[in-house]
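Undergrad: Starting off with a structure, shown below.
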């Protein structure tokens, strides 16, 4: 009832209450086809099918046990049930006078007495039993014939050998008795010729007869069965057409009884005929069989049960939510059916992952527990050897199909192994010793369940000794991980996390409903107040009638409004408050895309690439220049550091000039970050292991336990870049960035307060921090002999000593502070110039007014003294003409000079800054290429120190140069600025924080759930990156609505409450 809305949707509430509210247990216990009595009173009435099918299953041992004891007896038992069901159908139809017409007056009797009852619907089930019994007998006969033929061939061979011996003996006898038996031999020869002639004719007849029989049995019979079955299917569908054509008035009760009594059985036998043909006969060239056997159908078939349960719910929600009546037409029905099929299978897949498949795993574990399987080394070896030499299909699949063989890494076929009975999948890392040369291998083995992690190495020795006799298992640490050792369980932390998710989700639903229907205490009170105004004339009386809203009710409604999707969606797409920084949205989003791109290649490496040499070999992709784009994703983090420094300094300096509160400054920072971070840590720690499945996925459990299980607090409190000491031991190691950024934020008042007191002093303070950081980078690199190479021996030192430490990574943040300070000064100068120009314009206007007045006065004086001053005026006129000529020349010179200055300042300088910045960005990305080209052997420690010491700062200044150009200069026609300032980037920029937290979790789940090793190739990486970006932002939007945005509303309320003046 929460999912729909419409003029008639609410009527479903009573229907659901009267069915599932009262009779849910009958549907759950599979007797809803008997109770309640009326079909329309059943809870989710379409599950009458499950009740019937389960009841058939309960009595099924009667059929297969009787067939097992004696096949003929089994057929007779099934036949007896068929006759009984047909008779019951006839009796019920005549007893209740039922005419087969879906829209007729006897529809309810048909539904309640025939349609849902097991004794009338069992006929197709019995037809299926008959087909299964027939297939069993014929396949046994077929197998016996094959054995018989093999024996005949063997006997023929023996007979031929005996005949040869007899012929040799006969020849010797003939030589001895040749003279005495001439006449007898002549007679025998004639008789033999006649006999051979007769045998030849008989052989030709037999061959002709066998060829005809083969044609009949292999082609005519199966094709005839298929055609007859298909025709009967069409007949069963279209026979009632004559009755429907006459609106149910054509058929009598007797005709209805015949159709109802036999149609289900004939349908079952017809479908069974087609199944029989495709199961018993190979028919390799049959297109219909090929189509029905496509792998495409496999997952759909597995989802059919859930789709059957789910699809009516979808149709009810959609159809009952309609605002208009439906129009019956072919194409709309086709479109609707397609959509319903897609939705049904989509949601059935969700149910499959949430419920069905996990419970199938539980079933296996329960059965295993009941059996009480015990294993030791001897039983493991014996069982594995039995699978190898037993020759069973399961054993061959276990040893040859489901076990890896490719060097150096092959995970085998995980899914096939799990499908085999009493088998499980283990990944074993071991040394493959060939004549003293040891190759480290990682292979996936399908082993008997007796071979657990402790005893799997014994099975490994058996496998190597049998199939690789020229090699042995080296004296090398053997690492074994068996997938079934990982059990998905619901710990207390998992349950608490799920409760929190459900709670937040409920808040969102309630808040959205309240907003959609405009439910609030104010709206209710205003309605009552308007009613009072209509009833009373005196305003004072109305004020008396106005109800006071309880404070708790106001708080409650405000609380839920913070979770409203409508309100929070508007906040998500709300434009940037400062137009001069709007282009930063595009920079933030694209930087996030770059990070996801880099991690798309990094995380699968934990599982492995099947073309590892192609990627990391001596002449692999890491030695090619395009790979620098992947490695350069490290700089995307520095872009975020730069943006943090820029925005922090810019807004802090502005607030210092008005109203700045240091407490609110820090409170806003921590309140902004902690809710989402805490929620994601909780999710990663407790929920991640429920979402994946694969040959190595379970190994993540120990990793999560050893990191987030022990050190979650260091990540939550932003000191995980100092403790734990090792980068790989951090909880959600990628949040080292947040620790650094928060530590920069904590010390940031040093920068903007010093700048506020004296700009030059602020610049000097930042410069001191820059020099200190560069010196520390140089010292650390030389002290630990670090060479800048991601895959080198000093990788761990680089990660732990430089990559995650604030004193080495602060440089782009300081560059952001410098750009913010420079922008502040230049914008002030720009503003002062504008004020100065405005003042000049005002003064020019006043001077012009005064000149006009003086001119009027001078004109009057000139009229009075015109005659006396003719000569003087002539001299003044000449002087004025000369003065105007000089001023005109000066004005032209000034205009020419101002135009040149404008070109320099408005075009040449910003374009130069942009070009230099962009070139420096490319240089920082591609400078290490020379070292990577030589596999990290080209650079010395000194060269690495120079690059590590200056690259981050140069990157920050380069990005800052572009930001400066787009922030200080308007550049209205710049396409890049327009692109970066598109409104499209606004919500993506706001979701960047959550996307950064979430995307590695998605990558871990998908990467470690892989059944095969990854293949490094351009297009798959592009597709994967696109998918990961979409998924990351989708789930970050969910976290935004569940956690981040509501807590930002709470922050506003808390600050308002704290800052409110007290009486």
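Heads up, the Cβ atoms here are built off N, Cα and C, so glycines get one too.
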Undergrad: Examine the ranges 874-897, 946-969 and name the one recorded by TrEMBL as transmembrane segment.
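TA: Residues 946-969 are the ones TrEMBL records as transmembrane segment.
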Undergrad: Select from 182-201, 282-301, 302-321 the stretch of residues annotated by TrEMBL as transmembrane segment.
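TA: Per TrEMBL, the stretch marked transmembrane segment is 302-321.
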Undergrad: Using a Cβ-Cβ cut-off of under 8 Å, list the residues of the same chain that are 6+ residues beyond the ends of the transmembrane segment (673-692) and lie near it.
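TA: 486, 488, 491, 493-494, 496-498, 500-501, 698, 700-701, 704, 708-709, 712, 715-716, 731-732, 735, 738, 742, 993-994, 997-998, 1001, 1004-1006, 1008-1009, 1039, 1042-1044, 1047.
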Undergrad: Against the transmembrane segment (72-93), which of these stretches has the most C-beta pairs under 8 Å: 216-238, 258-281, 302-321, 904-926, 1021-1043?
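TA: Highest pair count goes to 258-281.
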Undergrad: Counting only pairs 6 or more apart in sequence, are there at least 3 Cβ pairs under 8 Å between the transmembrane segment (258-281) and the transmembrane segment (333-355)?
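TA: Counting Cβ pairs under 8 Å (6 or more apart in sequence), the transmembrane segment (258-281) does not reach the transmembrane segment (333-355), since there are fewer than 3.
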Undergrad: Quick test of the contact rule: Cβ under 8 Å, at least six residues beyond the ends. What residues does that give for the transmembrane segment (302-321)?
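TA: Those are 3-6, 8-9, 11-12, 44, 46-47, 49, 340-341, 343-345, 347-349, 351-352, 356, in sequence order.
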Undergrad: In the predicted model, what is the mean pLDDT computed over the domain 'Acyltransferase 3' (584-1041)?
TA: 87
